[in-house]
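First the structure, in the form of structure tokens, and then the observations on it.
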Amino acid sequence: MPNASSWSASSPLLLLWEDSSGTRIFLSLLYAVLAISGTLSNVMVIYLVFSFKKLQTTSNAFIVNGCAADLSVCALWMPQEAVLGLLPPNSSSLHSAEYRLLRGGLLGLGLTVSLASHLLVAFNRYVLITKLPSVYQALYQRRHTGCMIGLSWALALLLVSLLPGLWTPGSAQQPRPAPGGSRYIALLLALAVLGQTALLLHCYLGIVRRVRGSAKRVSVLNFHLLHQLPFPAAPPPPRRAQRRLSSVSVLLLCCVFLLGTQPLVWVSLLGFFLSPAPPALQAASWLLLCSLSALNPLLYTWRSEEFRRAARSVLPRAEGPSAAPRPATSATANPAAA
């Protein structure tokens, strides 16, 4: 099927070797939905952090860094995939090697910085909850935080420039860079994601153990209150129900992250040690990984009262009868205006 092979060569994710217009249209619509929702949610989080001083904390700086990286996937890469899915498989615009490298670079840059930001957020919260306030303040000075963010982008640029094939897997029609080279690149990707996941789980499970076993630290629900450091001498212990809900929130975040990253890891390991996975399974594993770019803002802000309060103050609300006294409040505050 030459058309199917040429189509599979056109995109890292559209790996389905079947000349089915229904499949391409479905994937295009899925990319379009993820692109719109991910762009809006990431832009909203960045705007809220830059607009409200209470949200300008070290942990949120790493979250904003991840949102900026996710924008390169949601706002720049996914719309191209949505458009390419609607083009005919024999379109000449799909066969440009430079264009494939450009799209692969956008995908690789965004996903690498996003995964690094996940780890930076987890380690930041781990130090905040499990270490002394003096250790946290010494480690997360503004200069150190900026260096960590800059290092995540430098590492991503290095990987994209040295391993362009990591994000643009080829098809049967594309020449291999070396015998078995693509298999080793897939193995490198799997091991990198697996190592990052192990470190992230170590941090969050350590937080859960600390919260459950100690009454001297703040609740996980109050991660966003970093601006209140140093801690009070004796913060009130979180209630049992609150600690249980905090642990559930952390475990839910870990489950969503594992669901998005691990399929690609095990598909890559399967292809290295046994035989390549079916193209549909490869496409699904990549799609799950990229969908994290649209879900990340919700994962880190849905339990934060500060983010919810800031969002409520920005988003338009339906004005009902209860909103009628608002002009009177303004007049009361400024008698001269009356």
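Positions of Cβ are set from backbone N, Cα and C atoms, glycine also.
Noted in TrEMBL for the protein shown:
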TRANSMEM  25-50  transmembrane segment
DOMAIN    41-300  domain 'G-protein coupled receptors family 1 profile'
TRANSMEM  62-80  transmembrane segment
TRANSMEM  100-123  transmembrane segment
TRANSMEM  144-164  transmembrane segment
TRANSMEM  184-207  transmembrane segment
TRANSMEM  248-274  transmembrane segment
TRANSMEM  280-302  transmembrane segment
REGION    318-338  region 'Disordered'
COMPBIAS  321-338  compositional bias 'Low complexity'
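The stretch in 62-80, 100-123, 144-164, 184-207, 280-302 that contributes the largest number of Cβ pairs under 8 Å to the transmembrane segment (25-50) is 62-80. With a threshold of 8 Å between CB atoms, the same-chain residues lying at least 6 positions outside the transmembrane segment (144-164) that come near it are 58, 61-62, 65, 69, 101, 104-105, 108-109, 112-113, 116-117, 120, 185, 188.
The stretch from 62-80, 184-207, 280-302 that makes the most Cβ contacts under 8 Å with the transmembrane segment (100-123) is 62-80. Long-range contacts of the transmembrane segment (62-80) within the same chain: residues 31-32, 34-35, 38-39, 42-43, 45-46, 49-50, 103, 106-107, 109-114, 117-118, 120-121, 124, 145, 148-149, 152, 156, 290, 292-294, 296-297, 300-301, each at least 6 residues beyond the stretch ends and with a Cβ under 8 Å from a Cβ of the stretch.
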